[in-house]
Amino acid sequence: MAVLEIVRIPVLSDNYVWLVHDPESFETMVVDPAVADPVLAEADARGWPITAIWNTHWHPDHTGGNADIKAKTGCEIIAPAAERERIPTADRLVSGGDQVRLGAHVADVWDVPAHTAGHIAYHFADDSAIFVGDTLFAMGCGRLFEGTAEQMFANMQRLGTLGDATRVYCAHEYTLSNARFAVTVDPDNAALTARLAEVEAARAAGEATVPTTIGAERATNPFLRAPSAAELGRIRALKDAA
Ligand SMILES: [Zn+2]
């Protein structure tokens, strides 16, 4: 099976849209298109026909490009079943336990409610890659807009079962802000302090800091490392107030 080609497209102030191409089948999908034009331009430049959009949740900075990309390419839109009313462009609704495919590459759908009530993630086990939307960020986690700390803790526990090498494709460049907060709640973590310095240098040089990996998050992410839902909720509230 050919290796998936995954391209990061920075849009809006800090969103990343992911363009994912299977060179064998030539199928190409877009994860969470906030907008259409830069995504269509990137796909065009590469000669990749967009065949699908995979949404993780309904927020407009994840679905705003759905209608225009579908109109221009005729692609299929896959979206979380629990958010069908808020993603009227969806063609196929999926939820935890379902599988979706890009060519021969299979992704398992995970239910990861908390940031939104119907939020899902797409895990390509054979490719060691997971598209998490706004659930797990580099050294952070999504805000609890429609769910509880208990739900987010369960999400973190499940993500923590993945191997260290698993690449985590999140939807925002929040890394520097997350790192600066993380050191305040985990000041004695040497790996975290070192990572903050790396991220400061990368951002000063204008470089992106995602994807991250489960191994890096296991070592430095205070939300993934939280020992209980109560602790996760406590630090999430601190971050919200920061
Ligand atoms: Zn969101």
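Cβ atoms are placed via backbone N, Cα and C, with glycine included.
Quick caveat, the model's predicted, so the values are computed rather than measured.
According to TrEMBL, the residue from HIS115, HIS123 that belongs to the Zn(2+) 1 site alongside HIS57, HIS59, ASP134 is HIS115. Among the candidates HIS105, HIS172, the one that TrEMBL lists alongside ASP61, HIS62, ASP134 as binding Zn(2+) 2 is HIS172.
Taking only the Cα positions, the spacing between ASP61 (Zn(2+) 2 binding site) and HIS115 (Zn(2+) 1 binding site) is 13 angstrom. Proximity of the binding-site residues HIS59, ASP134, HIS172 to ligand 1, judged by a Cβ distance under 6 angstroms to any of its atoms, singles out HIS59, ASP134 in sequence order. A C-beta separation below 8 Å, combined with a sequence spacing of at least six in one chain, links HIS59 (Zn(2+) 1 binding site) to THR116, ASP134. Shown in sequence order, PRO80, GLU83, HIS115, THR116, GLY118, HIS119, ILE120, GLY133, ASP134 are the residues of the chain, 6+ apart in sequence, with a C-beta less than 8 angstroms from the C-beta of HIS57 (Zn(2+) 1 binding site).
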